[in-house]
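According to Swiss-Prot, the signal peptide annotation covers 1-24. What Swiss-Prot lists as N-linked glycosylation site is ASN75, ASN106, ASN157, and the listing cites sequence analysis.
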Amino acid sequence: MDIPKQYLSLFILIIFITTKLSQADHKNDIPVPNDPSSTNSVFPTSKRTVEINNDLGNQLTLLYHCKSKDDDLGNRTLQPGESWSFSFGRQFFGRTLYFCSFSWPNESHSFDIYKDHRDSGGDNKCESDRCVWKIRRNGPCRFNDETKQFDLCYPWNKSLY
């Protein structure tokens, strides 16, 4: 039985893709439905994890809602000192953005919790593919791997109204 070369190439490609898919590892703290690093992606992307910690003080409960253009992670609550995290694959051209609204009694703010150009490049990028944030009343502060402190603090996003 003589197999044409074009079918042999196709067969090898199918075996390669099947092998890659079966070896893929995809674990999220919560599922992100449109995650480009999921097991059905042949082109791997670097995975990131964002951790959010309630550091409001005064026993304040933090209500928050995080999402991207494609993924809505839902409304959530963090008690004082609690943390929550989610993982995702970065977009191929480095345009990944996740933003969150945060509220507690008498206050409401929003912040871009993950911005590719801020968190994946430059001097203050997140190390080890993990961005850890403490949410404080005056703004979010990210862990700095150089100083080993939460001293990379940013202002809240400007309100649109």
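Numbering starts at 1 and runs along the chain as it is shown here.
Glycine is treated like the rest: Cβ placed from N, Cα and C.
Known features from Swiss-Prot, placed on the structure.
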| residue | record | DSSP class |
| --- | --- | --- |
| ASN75 | N-linked glycosylation site | strand |
| ASN106 | N-linked glycosylation site | coil |
| ASN157 | N-linked glycosylation site | coil |
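Cα of ASN157 (N-linked glycosylation site) to Cα of ASN106 (N-linked glycosylation site): a distance of 17 Å. For ASN75 (N-linked glycosylation site), the same-chain residues that are 6 or more apart in sequence and have a Cβ closer than 8 Å to its Cβ are LEU63, TYR64, HIS65. Of all Cβ atoms in the shown protein chains, 5 besides its own fall within 10 Å of the Cβ of ASN106 (N-linked glycosylation site).
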